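Here's the structure we're looking at; comments come further down.
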Amino acid sequence: MATTVTCTRFTDEYQLYEDIGKGAFSVVRRCVKLCTGHEYAAKIINTKKLSARDHQKLEREARICRLLKHSNIVRLHDSISEEGFHYLVFDLVTGGELFEDIVAREYYSEADASHCIQQILEAVLHCHQMGVVHRDLKPENLLLASKCKGAAVKLADFGLAIEVQGDQQAWFGFAGTPGYLSPEVLRKEAYGKPVDIWACGVILYILLVGYPPFWDEDQHKLYQQIKAGAYDFPSPEWDTVTPEAKNLINQMLTINPAKRITAHEALKHPWVCQRSTVASMMHRQETVECLKKFNARRKLKGAILTTMLATRNFSVGRQTTAPATMSTAASGTTMGLVEQAKSLLNKKADGVKPQTNSTKNSSAITSPKGSLPPAALEPQTTVIHNPVDGIKESSDSTNTTIEDEDAKARKQEIIKTTEQLIEAVNNGDFEAYAKICDPGLTSFEPEALGNLVEGMDFHRFYFENLLAKNSKPIHTTILNPHVHVIGEDAACIAYIRLTQYIDGQGRPRTSQSEETRVWHRPDGKWQNVHFHCSGAPVAPLQ
């Protein structure tokens, strides 16, 4: 009888050291190859937690990274599978993000921006020559090899990269990062290598003035701007940029991908290949200051996500008021959170001032040079980014990388099912509620005084004696729904829930709870197996 030999090559050949990054199913650690003493970054993926599709994506990423051997790309040196884990051994890049390095420089000019984009284009050209489209070019994926002056720019994170044949155009799914998405992707048309050039155009624009060409606090409006190619070169900051630099941006941000400049052509553009005579050598202090603010906002992604309203606002139950309206109390609470986020941002961004002549409400953050809107604040999610690791993390930001369609659809499914469950609660419909919940549902909630409750009887009491007898309108608003997909058939959602209702004296009230629900799909149908509720009781008892 044959015995299975477990591979231990990584364990035998490498010594692991400290963590340098984390992802959803992985950790990145510094490691040393024992026989040479050379340092690397080991991306360690827990394969026990991966679905079959996740395995395919891992294999695709490793296959693509093995193809790419270029001085401006983070190189994969080894790919090793052991029992329960897969190890990807990459270059150890220690210089941090390119954009962070720029703001620390004493001198920064158009010529420096030209040198940066040249290295990025060299990396993109190599990818395209090897039949690879990156699909997620953005500042977070542009690293420096070391902290030495003049260190090479390195393109990282090929988690969304795809393989194409020649100049093949096809629909490969909706993936990328909102502010850097091309018009053809937003129109859901066939696409290919030109999407990377569009993203290079966005990056070059930021490199020259410190803010993005497309931005809006409303993602739909942001997408409309991109599809229309609606950007400009406003005074006074663009007055000092050479016409050649603007010309290259225009050729990169050409709406028609067939007419868009290629990486090979862009490298031959005078502003790139003749920078010493064409690009301006003037120090761009205003660009550095704007870039500092741009970077500060990217780093404050987490603070914004926990305070900004998500776009999901829905009404359920016996509602007699206008749909999707908020009570003054609820509105005041959320506006306060937004103002706190703005205050924090402005302190971190060296006193950025919102534009005062804006006609938008006080919670909007305006002016591309001063206070950028939420859509422009982040590095541009996957709701998942770890600069070292390239694993995508989950968030609702405009600067986050968008996931592949299947993961996105699954998250929407979880949010919709959660809405249905809350609707059943507000309607006092225990039968509908029980269909969505596992019979062995466990929960921690204020009504149980901190005790773990198992089964449906505890909840049935509230349905039969309170909820089913309530004839007054109830309106629920979900804020910041945050879904973590756990394999193919499990997920967790966390959100803030505002419940508006009329109390016994006929006065409008609002209660807030913070909730987490764990969902499982045993037979193709999602069921709530556990939930944790903090804050005020879900059922308004007044």
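Using N, Cα and C of the backbone, Cβ positions are placed for all residues, glycine too.
Annotated in Swiss-Prot:
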MOD_RES   TYR17  phosphotyrosine
BINDING   ILE20, GLY21, LYS22, GLY23, ALA24, PHE25, SER26, VAL27, VAL28, LYS43  ATP binding site
ACT_SITE  ASP136  active site, proton acceptor
MOD_RES   THR287  phosphothreonine
MOD_RES   THR306  phosphothreonine
MOD_RES   THR307  phosphothreonine
COMPBIAS  354-369  compositional bias 'Polar residues'
MOD_RES   SER367  phosphoserine
MOD_RES   SER371  phosphoserine
MOD_RES   SER394  phosphoserine
MOD_RES   SER397  phosphoserine
MOD_RES   THR400  phosphothreonine
MOD_RES   THR401  phosphothreonine
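Cα separation, SER26 (ATP binding site) to THR287 (phosphothreonine), rounded: 36 Å. Across the fold, the C-alpha of the residue listed as 'active site, proton acceptor' and the C-alpha of the residue listed as 'phosphotyrosine' stand 29 Å from each other. Of the recorded residues, LYS22 (ATP binding site) and THR287 (phosphothreonine) place their C-alpha atoms 32 Å from one another.
In the structure as shown, the Cβ atom of SER26 (ATP binding site) sits within 10 Å of 24 other Cβ atoms. Most Cβ neighbours within 10 Å, among the binding-site residues ILE20, VAL28: VAL28 holds that distinction in the structure as shown. The two recorded residues ILE20 (ATP binding site) and THR287 (phosphothreonine) have their Cα atoms spaced 30 Å from each other. Sorting the recorded positions TYR17, LYS22, THR287 by the number of other Cβ atoms within 10 Å puts THR287 first.
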